[in-house]
């Protein structure tokens, strides 16, 4: 919230104010600041072991090169499974409202079977240096790109973290913008695969959540010789990097996010929802906040009913991921439909009305299928889905990170077609040191994949503010 701070009132005074009909905003502000005061400044680092068997007395800290490989047998198995696909005809005029439209799916699969060249895409995947190292019992995969030497150019370390149903391949269009820039500033970029995703080993034990991933990624940066660094993330990557900032703020020079989260509850949020459309200035909303939050359909339609319609996957993966996972792990076409529907809807909700889901407006089929192949060839879809279970199996409100502020310099990029908009006034509840908040002109959930130039520019301006350049 964005009210003037006042001294908090005891319950008797609160009752007196209510009886007297005094401003509700005053009382709500009181609750807000009491809630703020409960938050701690960091979360403990802890330790863990996710490998098979018992933890050894010492860990092998070797970093070894890695390259993506394939075989004719692997490709032929894919073709055989594609050829045996059984389709269901779509209902008339449904677009993507019922999920991936099978008429368009046949086009995608035909391209996959007859035009897509996995060996060529592997060569693209391998153009950036890749490595693995064992951390807490897991072989963690990462890309490590150093910029070419340019006289007078400053180089800063940066970690980019992906989410679901993405992979490190989402960053292949933004990597050259960050590492091969003619600007006075460039980045040495590390892109890890979340354990259980793509080329990183999946946890063998229960409990691997975003806090565990944050700790593992801190250990990765330490192992690579970095003592302080910048972080950027969206989707799960936004939560993991936020946890990293909460866990070891002394190591995080700055945090940049393209997906924002906040609790849709509490007196302050409720008050801003009730009056924000009519008196936006009173609760710190801008006109753009009002447009994105309420639009032409109203707050509840955009922020409640639409979210309910689009989070069925979350409830499945947060409860019984292995059940649904069996099907998509066995059928490449089922896997493609399940994942690519998200790249349609989360790019723009209006894509649900289109027969082709608008997929080729922002992406090429080769790029989309390369991401699918990373999941298919590694057999990692089930372990990636389990990540939801591990993070949602207990009451998320009781997690320490939800009661811990973020005090490192923070840059927030609000893309207009993100699943949910979070105004800066709400973001301040969690992020206490916001250096920049940008209303991005276009783009949705997969910012690095959709709009790499916009994301790179916003990240650069944020870092320059932090570095006072």
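Count begins at 1; order follows the chain as displayed.
Cβ coordinates are placed from backbone N, Cα and C, and glycine is handled just like the others.
Predicted automatically and left uncurated, TrEMBL annotations should be read as such.
What TrEMBL records for 17-35 (among others) is transmembrane segment.
Feature annotation from TrEMBL assigns domain 'Epoxide hydrolase N-terminal' to 65-171.
What TrEMBL lists as active site, nucleophile is 235. All protein chains shown were included, and the count of other CB atoms within 10 Å of the CB of residue 235 (active site, nucleophile) stands at 22.
Annotated transmembrane segment per TrEMBL: 266-283 (among others), in sequence order.
Among the features that TrEMBL reports, active site, proton donor is placed at 388. Sequence-distant neighbours of residue 388 (active site, proton donor): residues of the same chain at least 6 apart with a C-beta under 8 Å from its C-beta are 164, 314, 317, 318, 321.
Around the Cβ of residue 445 (active site, proton acceptor), the number of neighbouring Cβ atoms within 10 Å comes to 23. Feature annotation from TrEMBL assigns active site, proton acceptor to 445.
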| task | Can you check how the pLDDT averages out over the domain 'Epoxide hydrolase N-terminal' (65-171)? | result | 97
| Inter-residue Cα distance where the pair is residue 235 (active site, nucleophile) and residue 445 (active site, proton acceptor), in Å | 8
| query | How does the domain 'Epoxide hydrolase N-terminal' (65-171) divide up by DSSP, counting helix, then strand, then coil residues? | reply | 37 helix, 24 strand, 46 coil
